[in-house]
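So the structure is just underneath, and the comments pick up after that.
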Amino acid sequence: MPETKNKSKLSRLIASIPLKIASVFFVIGILFWGALNTGMEWTNKMEFCISCHEMKDTVYQEYRETIHFKNAAGVQATCADCHVPKEWTYKVIRKIKAYKEIVHKVLGTIDTVDKFEEHRWTMANRVWDSMRATDSRECRNCHTFNTMDMSEQDRYARKRHERALERGQTCIDCHTGIAHKEPEEPKEIAQVEKE
């Protein structure tokens, strides 16, 4: 009888191991998920975005002069509002792609204002291409043709928005310099386009 009792204890112990392992992995998963989301939200803050002097001394100063920074309504669009998708899957993809920017910072490709300016055209076009590919998804979190009161716009803006709507254009097709200065097109590219 004692042997049966020991077997039954051993059987229960063995049977409980998968549950214990699953519980440990479940807790680890929750901690990982929480840390991942906390990290993603932390890197969405303006303070993080401008922590590099290249950003603070260039695009941030330009942004401070725009309606997205200061306006009558007091509503401010931050870096993440324009550059990071709200949907979780797309946000993770964007954060992974941002790794390339960090690598270039560390390698010294864009670690000074002069180097940043040298690469501005390429970087801006990469952002614009991405925005076109998503139909200016981040802009549309705040701006949509459906909610625009065209009658309240000046004649020029109304005409341009109506035409853009008819043509199926997206925000970035016209508003490339809305939050940062338009980069100068490199001379060699401009020359090729003239030919």
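Keep in mind that glycine also has a Cβ here, set from the backbone N, Cα and C atoms.
DSSP classifies Glu101 (heme 1 binding site) as helix under the three-state reduction. Applying an 8 A CB threshold to same-chain residues 6+ apart, the list for Glu101 (heme 1 binding site) reads Ile110. Here TrEMBL flags Cys49, Cys52, Met55, Glu101 as heme 1 binding site.
The heme 2 binding site annotation in TrEMBL covers Cys79, His83, His180. Summarising the environment of His180 (heme 2 binding site), the number of other Cβ atoms within 10 Å of its Cβ, over all protein chains shown, is 20.
Per TrEMBL, the feature menaquinol binding site maps to Cys82. Neighbour density for Cys82 (menaquinol binding site): within 10 A of its CB lie 19 other CB atoms from the protein chains shown. The secondary structure of Cys82 (menaquinol binding site), as reduced to three states from DSSP, is helical.
Under DSSP, Cys171 (heme 4 binding site) is assigned to a helix (H, G or I) in the three-state scheme. TrEMBL lists Cys139, Cys171, Cys174, His175 with the feature heme 4 binding site.
For Cys142, His143, the entry in TrEMBL reads heme 3 binding site. Sequence-distant neighbours of His143 (heme 3 binding site) (same chain, 6+ apart, CB under 8 A from its CB) are Cys171.
TrEMBL lists 21-184 with the feature domain 'NapC/NirT cytochrome c N-terminal'.
Taken from TrEMBL, the feature transmembrane segment applies to 12-36.
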Using DSSP, would you call His143 (heme 3 binding site) helix, strand or coil?
coil
Whole-number Å only: compute the distance from the Cα of Cys52 (heme 1 binding site) to the Cα of Cys174 (heme 4 binding site).
29
Measure the Cβ-based neighbour count of Met55 (heme 1 binding site), defined as the other Cβ atoms within 10 Å of its Cβ.
20
Distance from His180 (heme 2 binding site) back to Cys139 (heme 4 binding site), taken between C-alpha atoms, in Å:
14
Sequence order is fine: just name those binding-site residues in Cys79, Cys82, Cys142, Cys174, His175, His180 with a Cα within 10 angstroms of Cys49 (heme 1 binding site).
Cys79
